[in-house]
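Copied over from Swiss-Prot:
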type	residues	note
TOPO_DOM	1-35	topological domain 'Extracellular'
TRANSMEM	36-56	transmembrane segment
TOPO_DOM	57-64	topological domain 'Cytoplasmic'
TRANSMEM	65-85	transmembrane segment
TOPO_DOM	86-107	topological domain 'Extracellular'
TRANSMEM	108-128	transmembrane segment
TOPO_DOM	129-155	topological domain 'Cytoplasmic'
TRANSMEM	156-176	transmembrane segment
TOPO_DOM	177-223	topological domain 'Extracellular'
TRANSMEM	224-244	transmembrane segment
TOPO_DOM	245-307	topological domain 'Cytoplasmic'
TRANSMEM	308-328	transmembrane segment
TOPO_DOM	329-343	topological domain 'Extracellular'
TRANSMEM	344-364	transmembrane segment
TOPO_DOM	365-510	topological domain 'Cytoplasmic'
REGION	452-510	region 'Disordered'
Amino acid sequence: MEFTECKTTFIHLPDKSFLYDVFVSVYNFYHPIHAYLSIFLCVLGTIANFCNIVVLTRRTMRTPVNMILTAMASCDTVVLFSNLIYTTHYSFVAFKFCHPKHWSYSWALFLIAHAHLSLVAHSSSVWLSVMLALVRYVTLRSRGNMGGMQVTLRHSYYAVAVTVSLVAVLNAPNFLNYKINEQPLNETCTDLDPMFWNSPAYLPGIADIAKANSCLVFRLSYWISGMVFKVLPCALLSLFVWLLLRILREVRENRQRLLKNSQHRPPNQTTTRNGQRLSISVAGNEKLGRNGSLRGRGERVDRTTHMLLAIVAVMLVTELPQGIMAVLSGMCSEEFRIYIYNNLGDILDLFSLCGSCCSFIIYCSMSGQFRNEFHRVFVPAKVRCLRMSSPSIRRPSDAYSTTKMTFLKPNEKNGNGMNGNGTYSEDTRSASVKMVGIQVRRNSTEITRMTGCDSITPCSPMPTSFPSSPLPPIRSGEDESTDETSHLLNSSGPNSTASADGIRGHFQNI
């Protein structure tokens with residue numbers, strides 16, 4: 001395709017330089033393996049992004065951020081699959097077997113469609129990463145502020161639709177750039193059968209409308225592709241990375257200040273319920289369960305933001321060199337395109353492929369919820385049951401803390417709950433238990449639903465009933481939302497048949 005007549009030169013480069021020889025050496029070293037590596041990354045990335053789409057669209061995973069990540073995975077899948085067909089055909093078929101059917105009009109149409117589709121999908125993915133950083137910034141800024149903006153699923157759907165639509169509209173000048181030219185096959189292939197010497201070959205070229213008016217359409221599409229699709233999103237990504245890092249620092253400082261203040265609170269709390277005095281002390285209050293503690297919530301915020309920062313950083317690292325090269329290619333003389341851009345084009349293409357493949361690795365390494373959902377979707381139920389049967393395996397989302405509960409029953413003779421010899425009476429119940437972040441289920445149906453095991457795929461180590469006394473019904477006037485642990489506390493009253501050993505056995509069965 002002819003670019004010289006539509007080129008604008010601001011910087012003139014020398015005709016010869018030792019750097020040109022270095023770039024040529026890099027090209028000669030990497031180009032023979034580029035096609036194989038590209039196909040491998042395309043196949044791997046297509047499978048990985050398909051897994052991302054399946055997992056992130058599950059009902060339990062539908063959040064505004066995950067919906068944007070799903071749209072990014074869809075765009076990356078389109079880019080990788082289109083690039084897979086292009087690389088396979090033109091690297092291993094068209095140039096190797098110079099037959100007219102491999103250079104037909106249909107393949108020329110595919111080449112133009114591949115150029116447009118890859119540009120729109122890849123640019124949409126880049127701008128969606130900017131939208132992702134913006135959504136996370138707004139979410140963190142409005143956290144704890146009742147009057148702040150709350151990002152919902154509907155907002156994420158609108159953001160995805162608007163982003164993709166605007167990218168497609170801005171790419172409209174690029175749609176007018178190309179036409180299909182017919183030329184002899186011997187001008188395309190060097191190793192050609194003499195019988196196909198004058199056979200037609202169809203290739204894309206610059207359209208006449210793009211060259212009209214001093215190449216107005218071509219220049220417009222070129223600068224839109226370089227500035228709007230490369231440089232501008234990279235600048236915004238850099239800004240949001242800085243803002244998110246600043247928010248992380250503020251959150252960390254606030255959490256440390258709150259934890260420091262919480263250390264001055266009394267460690268033991270005593271409450272009264274139904275004539276009983278309950279004393280509860282929590283060990284290790286500085287690091288409680290991940291689902292309910294202050295530090296756990298802060299760590300979840302940090303992990304989510306760090307994961308999104310990793311995604312944005314990968315996008316920034318892979319896109320910034322391409323943006324710089326695209327701008328310089330439009331500003332420098334023809335020597336830049338011949339000796340630098342063309343020789344480094346394969347490496348820039350490799351950066352794009354790596355950026356499209358890294359999301360799955362980031363999710364699996366930094367998101368426990370994604371790993372659990374991926375394990376539940378793609379791992380068979382029998383394997384899950386065998387995994388849960390191991391006593392040393394605990395769900396990573398379970399809260400874990402050591403809680404000491406002491407049941408002190410007032411004594412009619414002396415109100416201190418002790419006998420005359422200074423020891424507690426026989427009716428005094430004291431138990432030290434380990435609370436795991438699950439509540440006692442009233443029947444085995446809840447356990448079956450939680451573990452995914454049923455009569456077809458049973459989990460033998462999981463008990464289907466508990467040997468201790470049944471839980472008492474909720475009395476009238478009590479809060480229906482009272483958890484099962486509260487009923488266990490009530491079972492230590494005078495009319496209860498449960499003993500301290502029964503309570504211990506109850507929690508041991510959990």
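Cβ from N, Cα, C; glycine included.
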Range from 108-128, 156-176, 344-364 with the greatest count of C-beta pairs under 8 A to the transmembrane segment (36-56): 344-364
Averaged pLDDT, computed only over the residues in the topological domain 'Cytoplasmic' (365-510): 48
Folded-back contacts onto the topological domain 'Cytoplasmic' (57-64), same chain, C-beta under 8 angstroms, at least six residues removed: 70, 135, 139, 151-153, 155-156, 369-370, 373, 377
Sequence-remote partners of the topological domain 'Extracellular' (86-107) [C-beta within less than 8 Å, at least six residues beyond its ends]: 35, 38-39, 42, 114, 180, 185, 188-189, 191-193, 196, 199-203
Remote residues contacting the topological domain 'Extracellular' (329-343) - C-beta distance under 8 A, at least 6 residues beyond either end: 3-4, 7-15, 17, 19-20, 23-24, 26-27, 222-223, 226
DSSP-derived helix, strand and coil totals, residue by residue, for the topological domain 'Extracellular' (1-35): 21 helix, 1 strand, 13 coil
Other parts of the chain folded back onto the topological domain 'Extracellular' (1-35), taken as Cβ under 8 Å at six or more residues beyond its ends: 87, 91-92, 178, 204-206, 210-211, 215, 218-219, 328, 330-337, 339-340, 342-344, 346-347, 349-350
Counts by DSSP class (helix H/G/I, strand E/B, coil) across the topological domain 'Cytoplasmic' (129-155): 17 helix, 0 strand, 10 coil
Remote residues contacting the topological domain 'Cytoplasmic' (129-155) - C-beta distance under 8 A, at least 6 residues beyond either end: 62-65, 67-69, 72, 163, 233, 236-237, 240-241, 243-244, 247, 251, 301, 304-305, 308, 311-312, 315
